[in-house]
Amino acid sequence: MELPCDGAGICMVCKNKPPSEETLTCKTCVTPWHATCLVSPPQALSETLQWECPDCSMTHQPSTSALTSGRSEDSGDLIASIRKIEDDKSLTEKEKAKKRQELLSGAAAGPSSLDGEEKKEKNDVLDILDKELTCSFCMQMLDRPVTTPCGHNFCLKCFQRWIGQGKRTCAYCRVQIPPKIASQPRINSTLVIAIRMARMSRSSNGGGAAKVYHFVHNQNRPDKAYTTERAKKAGKANACSGKIFVTVPPDHFGPIPAENDPERNMGVLVGEIWEDRLACRQWGAHLPHVAGIAGQSTYGSQSVALSGGYIDDEDHGEWFLYTGSGGRDLSGNKRTNKDQSFDQKFEKMNEALRVSCLKGYPVRVVRSHKEKRSSYAPETGVRYDGVYRIEKCWRKNGIQGFKVCRYLFVRCDNEPAPWTTDVQGDRPRPLPVIKELKNAIDITERKGSPSWDYEDEKSSWVWKKPPPASKKRVADSVDPEDGKVIRIIKRQKTNVSVREKLLKEFSCQICRKVMVHPITTPCAHNFCKACLEGAFAGQSLTRQRGQGRRALRVQKNVMKCPSCPIDIADFLQNPQVNRELMGVIESLQQQAEQEKLDNNPEECSEESDGVTEQRDVVSDDQIAEEPMDESQNAQKQKKETDIMDPPSNVETMSPGKEQGI
């Protein structure tokens, strides 16, 4: 298949950016193509000046069917119109480009009979999202959406490319982007879930078996970890982790399936969020509540946690570079020391990661909110992001001047990541180019076949070799008589439409209802505009200090997001409505009302008749009342007005009065 280059100049065939001498531009549609990836590239230099791309030259080939001839005639008219514009010498280059763009957009808007059939087959919910949630850069449906404070949505990669060019304004409205959002953009998880649900509904309506995937935020949360009476002052540093709720041994490799979850019968799901590392430990995703690596030096590593412990870490979502443990002086009261004082070596936990690399074991990965430099980290708590595989490990000189152990993790889970809108899980992908490998030492790379690998027949990741046998005792289950409770309970599918599920996802995190005038905070949380403003009603941005005494500087009030501890005081000065999200919600609500009218026309007519009868009864009662004079009628109208619209001059309590200042 021959494909052109995309908007960024990257060839859609070889996925590389060709140099200028290997780029060909079509004289008709002015589209760049990679000459090396063409089946029949021009042989002479003179041919490149009058070269036509395969799409434009296809119209000159003879057709063999009525359908093909019809398309060729339409395309021939389009090509003739474009050439007529190019031959017009009275137009400038900008005017030619504008007319050519208008012509192409008009031709694309003209629906044919075949397009109409495809549109009918397409899911209407996905049509709404495809129409509203489109990136202004790539003109495609949002992928890893990022919302700016001005209420516009972009793909994460497109937004980062825009910021990387040194531009600090919104590409849509040219409003200034705050430096924190430009350096640390957050993915809007609500839009991710909505797009994924729409795509899943489309795949299920296509006739194939619907893939069961649950994206829940820790439903039916179990008992939390508790702190003993003696350790209350120390907080959760000495807290008891409580009961383990899964029936897997502590050295279990790979994901935790539903049969090992007797509490919920769902397993540990990708995207689950816990309050802290202690709650994460109770579900077996990552057992150590302080250390970042779980494993044994001669056995392998089962899980790691990304919590921003080392500045050398690099997080790219589907793959990341992880720094090993050690190299710090933690003696005495230096338990939180982050300065490295000696080299790391492949020993203890670092050796456990290297064993998993050589064997090809899957490693569970959890991300903590403490990793502030990553766009893929959650805003609060700890989130399970699936299993990864270590492809390479090496040692290099770290940023602090000492050698560190480095590991390349690549995602290999059967479920999609929390930040992607894909319905399917991961597929085998080529390894990224790691520049620091040029100066690395002690490079270790797996030579044999991995234990956890992708099987084409099943289209999933499976154990190619038997998983390592457990060397530790299984945690006690709910039933004391049975040490291992393994049950698989079939989930009953509720007949809830995708539209209702989407409207439920688009609920405000304050009032728990479908959002009205939705706004997205810089920390990627969504609220109704009225609810968020009402949560901070009566609070001013600044407060005076030293009243009655010497004058002090004005102090800025901290206004934390209702869903996380991020300060959003600057955002609340001028919160902007997310117009694209509001358009999606309104379209879904209109379709739901229309569907209700189509399905139950009799009930709707009865309701309207009941309303009419009620109005008639009220009018009869009003007629039967004794007549009142003008003064009584005026007093009655005034009372009704006060009840419906309370006076606006009611004195609101200021922050100073609330605090008793």
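Note: Cβ is positioned from N, Cα and C throughout, glycine not excepted.
The compositional bias 'Acidic residues' annotation in TrEMBL covers 600-610. Look at TrEMBL and you will find 8-59 tagged as domain 'PHD-type'. The domain 'RING-type' annotation in TrEMBL covers 135-174, 508-564. Here TrEMBL flags 263-411 as domain 'YDG'. Per TrEMBL, region 'Disordered' is recorded for 100-121, 590-661.
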Residues of the domain 'RING-type' (508-564) by DSSP state, where helix covers H, G and I: 7 helix, 12 strand, 38 coil
PLDDT averaged over every residue in the domain 'PHD-type' (8-59): 79
Helix, strand and coil residues within the domain 'RING-type' (135-174) as assigned by DSSP: 9 helix, 8 strand, 23 coil
